[in-house]
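Asks: I grabbed these lines from TrEMBL:
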type: DOMAIN; residues: 86-269; note: domain 'Tr-type G'
type: BINDING; residues: 95-102, 162-166, 216-219; note: GTP binding site
Amino acid sequence: MGADLIGFVGLPFSASQRSSALSASDFIKGHKNGLMTRSSPLIFKGRPSLRFPYSSPPAAVLETSKHGKAKFDSELNNEYIKVPTERIRNISIIAHIDHGKSTLADRLLEITGTVSARDMKEQFMDSNEIERDRGITIKLNAARMNYTNPEDGLNYVIHLIDTPGHVDFTFEVSRSLEACEGALLVVDASQGVEAQTLANVYLALDANLELIPVLNKIDLPGAEPERVSREIEEVVGLDTSNAIRASAKAGVGISDILSGIIHYIPPPAGNTASPLRALIFDSYYDPYRGVIVYFRIVDGSLRKGEKIKFMVTGKDFIAEEIGVMTPDQQPVDVLGSGEIGYLIAGVKTVEDARVGDTITTSTKGAEEPLPGYQEAKPMLFAGLFPLDSDQYHQLKDSLEKLKLNDAALQFEVENSAAMGFGFRCGFLGLLHMEVVQERLEREYGLDIITTAPSVVYSVKPVKGEEFFLDNPADLPDATKREYISEPYCRLEIITPEEYVGTLMELAQSRRGEYKDMRYLVQGRTTLVYDLPLAELVNDFFDHLKSRTKGYASMEYTVTGYRQNDLVRLDVAINGENVDALSGIVHREKAYSVGKALVTKLKEIVPRAQFKIPIQAKIGAKIVASQQISALKKDVTAKCYGGDISRKKKLIQKQAAGKKRMKAIGKVSVPQEAFKAMLSINSDP
C-alpha cells in the first residue's frame, strides 16, 4: 500500500515524516475511539486502496482548514481536452436526501482541479438559492472533469451529472441516467438504505448502468459500514465486498472513487460514423441567449454552425454555439460520440427543446429517434391567487417567466367568486408546487394564496366520452355522470420495526390497501400499500415523519385509475357556495371531512351583524353545519321604564333590519379560510 495519510496542516513533508503517517484504518479507529474529530488538522495525500489492487498518489493534496472543512490545493485543470471515446466516462450520483451527494460532487470537482479553491463553495452544483436553503437538488447540473490516471498516466474525461432525487422529477432523472454508463450509489454509513435510494437504483438498473457502491460519512461516530454493506446486499442485491468507504466532507476515499470510475464504468458505445443522434436530458432559459440545451451525443458528431432538427417537435435550428461544461460553459467547434455538452441555437422556449427529445442533423439525419420520450404530465393541480388583486398581472407575468424555464408547469386563468381572478396551475407533485410558490414569493415579491391541491380525476358522463377533471368545482352533478375514477399509487415505506404499527394505522386511515411487508435487515421493515393519490398529497408525509420521529422514508409511483364512490363536497357560507373550498372526497369520509371543515371555518370567518350559517353539503343534502352568532347591540338600553310594547317595537325593528342585512349583506371570507382545506386531515 503505497499511498499515505500524512502530516499536519501548513508544514512541508519529508520522506521521514511520510513514513510515520497514519493509515486509513488508523484514521477510522481514531474516530471511533474519539481520538480524532472531523476538524482534526490532517492532510490526506491518497490512502490505502480499499477496492483496487493498486494505490498511487492523487493529483491533488487535501487539507483541513481551521474550520474543519476540507479543501484541495490543486492546479486548475479544466481546459477542453480531446480524448478517444474509450477514455470517456459518463456517471451520475444516486443518493437519498442528505446522504452526501452534493458534497461528494464538490470533492470530485476539487481533486480533479475542475474548480479553483478561490471559486469553490459548498453545494457548488446547486445553483438555485432554494436548493441551498433546503439542502436538496431540484435542477440537475453537469460538469466535465479532466483526470490523469496515476496508474497508466493517461488523460481521462469524466462527465458528472448531478440529478435531483425526488419522485416529482423521476422522468428527468431517468433521462439523465440514460445519458450515463454508470452511477455512484452513495449510502450514508450511519443511516443505511432509504426509500428514495431504492427508487433511483431501480431507475439505474432499468437503464443498465454499472453501479459502484460508496459508503459515505465513515468518519461519523455512529457509522456502521459493515451493517450498511449487508443491507445493500440484501435489499438492493449488489455485491459490496469491495465497496468504497469514504467521507466526502473529510476527503477520505476520493482517489478510490476516481479509480473505481476509471476501472469499472464502461466507456460510451456510440458510432461516430453514424448519423447524429443526441439525447436532450435538460434545458433552461437564459434571458440573453435563449434556451440552452444539455445533451449527450449517442451516435455521430455535432459541429458548430450545423443545421439541426429536434425530432419530436420537428423544429429546425442552427447550432450557433456548442461547448462543454467545466462547469462554466466553454465553447468548442465539434463534439463527438459519447461526449456531453451544451447547445445554443436561438430556441425561444423550453417547450421546443423537451427533455427526452432527440437531436439530429436536418440533412441525412437519423431516421428513428432515441426511445423513451414522454411528455411531462402534471399530477397535481392547485389555484394560485394574488393576495392583492392589483398583483394579478404581475402574477401572470411571473408565471410566464417561470414557464420559460419549466416546461412541466401548466397554468390557465381561473375566476373564483370568493378570491377573484387567479390561475389554475398544474404541478408534477408537492415538492414542485412548493418550489414554484416559493420562487414566486422570493424572486418576484408576490404575496399569493394557494388553494388545497387536488389530483386529476377521470369522469364518465352519462352522455359523451370520459374526460379528465382537475378542478372539483367543474364536476357534473351526480345525475349527469356514471362514475368517477381516481389515481392510485404504490407506496413503499422503509421504517424501523418499532413504528410498523402506527404507520399501518396511518395508511389504513387514508384508505390504503395492505399489499406486503418485508423485513429488510434486523430492525428495518418495508411496508407496501396501494393508496389513493388524493390521500397522499395533503399531509401524509408530515404525519409519517412525526409518527416515526423522522426515521421513516417513503417513495411512491402512480399505478393507474380506479372507480370509487366519490362525491363533491361543497361549502356554503351564508347560503352561497364558495367554489374554492369545494373538494372531491370519498362518500364514507364526507361527514368527517365536512364537520372538520365547517368547525375550522367557524373559527376563521369574522362575525357580522347577522347570523352566518356555514354548511358542508353533497348536492342538496347538508352533512355538517355550524352557525356564527350575530354581533348584538342592546337597542333597549335607552328605555328607562315605560310600557313593554316600546321595547318590543325596538327589538322587532332591529330583527327586521338584520333580516334585510342578511339578504343583501356579503360575508368577507378571509384568506386563512382557504388554508383550512390543507389541515382538515390533521387528526387521521
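Glycine is treated like the rest: Cβ placed from N, Cα and C.
Map these features onto the structure and tell me what's around them.
Replies: Here the domain 'Tr-type G' (86-269) has a mean pLDDT of 81 out of 100.
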Asks: Using a 10 Å radius around its CB, how many other CB atoms surround A95 (GTP binding site)?
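Replies: Counting Cβ neighbours of A95 (GTP binding site) within 10 Å gives 26.
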Asks: How many other Cβ atoms sit within 10 Å of the Cβ of T163 (GTP binding site)?
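Replies: Its Cβ shell of radius 10 Å holds 28 other Cβ atoms.
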